[in-house]
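The [4Fe-4S] cluster binding site annotation in Swiss-Prot covers C43, C44, C108, C139 and rests on sequence analysis.
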Amino acid sequence: MNSMKFPLLDRTTQSSVISTTLNDLSNWSRLSSLWPLLYGTSCCFIEFASLIGSRFDFDRYGLVPRSSPRQADLILTAGTVTMKMAPSLVRLYEQMPEPKYVIAMGACTITGGMFSTDSYSTVRGVDKLIPVDVYLPGCPPKPEAILDAITKLRKKVSREIYEDKIGSQRENRYFTTNHKFHVPKSHVGRSTHIENYDQGLLSQSSSTPEIASENFFKYKSLVPNYDMN
């Protein structure tokens with residue numbers, strides 16, 4: 001199961017000596033030693049938890065779940081990412097050592113899912129916060145699909161060049177989502193917020209111990225004054 005074709009490895013010479021490069025050797029060593037950081041916020045994470053059991057046995061891929069981002073090289077986001085949790089997710093990603101990879105699991109993580117229509121607190125895709133290597137659609141994806149995503153990621157690792165991976169880090173995207181809510185007649189007289197969010201993701205240094213949420217999202221709230229009597 002762990003066998004992987006290694007395209008960059010040179011053929012064995014007549015003297016039975018295998019010649020390769022340091023980059024190829026590094027990629028080969030990381031194929032069966034991916035240490036994931038499990039970032040589960042919703043029901044998709046239950047499907048990933050089933051991989052730990054004996055039926056699917058993800059240990060055969062060399063996956064060792066870690067609880068610290070400083071010891072992980074893969075973060076698997078499963079579930080809805082809210083704007084309140086976005087700074088924490090970016091901070092976890094920045095604390096991971098290079099090279100690092102991201103698997104976006106589930107429709108809610110990739111596009112916001114059913115919450116993307118008119119939700120004031122849902123991020124429309126985790127790729128607006130961190131770069132994604134493998135997209136895994138589904139609601140929720142099956143455990144077999146997760147294993148297929150891990151296999152595709154391992155193929156990508158076997159073919160990449162370390163210097164290119166470091167140099168091609170994508171910058172955080174900027175996006176704006178406007179929400180306009182109308183006050184229902186049954187709520188007239190109550191305190192209601194009509195919020196217009198201008199969300200700009202600001203690049204932060206990985207050495208920053210704490211990243212405040214106000215550095216990521218700027219809120220412009222218009223609060224109408226109603227008679228509370």
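Just so you know, glycine gets a Cβ as well, placed from its N, Cα and C.
The local packing around C44 ([4Fe-4S] cluster binding site), expressed as other Cβ atoms within 10 Å of its Cβ over all shown chains, amounts to 25. Shown are the binding-site residues C43, C139; of these, the residue with the fewest other Cβ atoms within 10 Å is C139. Residues C43, C44, C108, C139 make up the record's [4Fe-4S] cluster site, and a Cβ search at 8 Å around their centroid adds S42, A78, G79, T80, G106, A107, T109, G113, G138, P140 from the same chain. Secondary structure at C139 ([4Fe-4S] cluster binding site), taken from DSSP and collapsed to helix, strand or coil, is coil. Reduced to three states, the DSSP call for C44 ([4Fe-4S] cluster binding site) is helix. Long-range C-beta contacts of C108 ([4Fe-4S] cluster binding site), restricted to its own chain and to partners at least six residues apart, with a cutoff below 8 Å, comprise S42, C44, G79, T80, V81, M114, F115, T122, C139.
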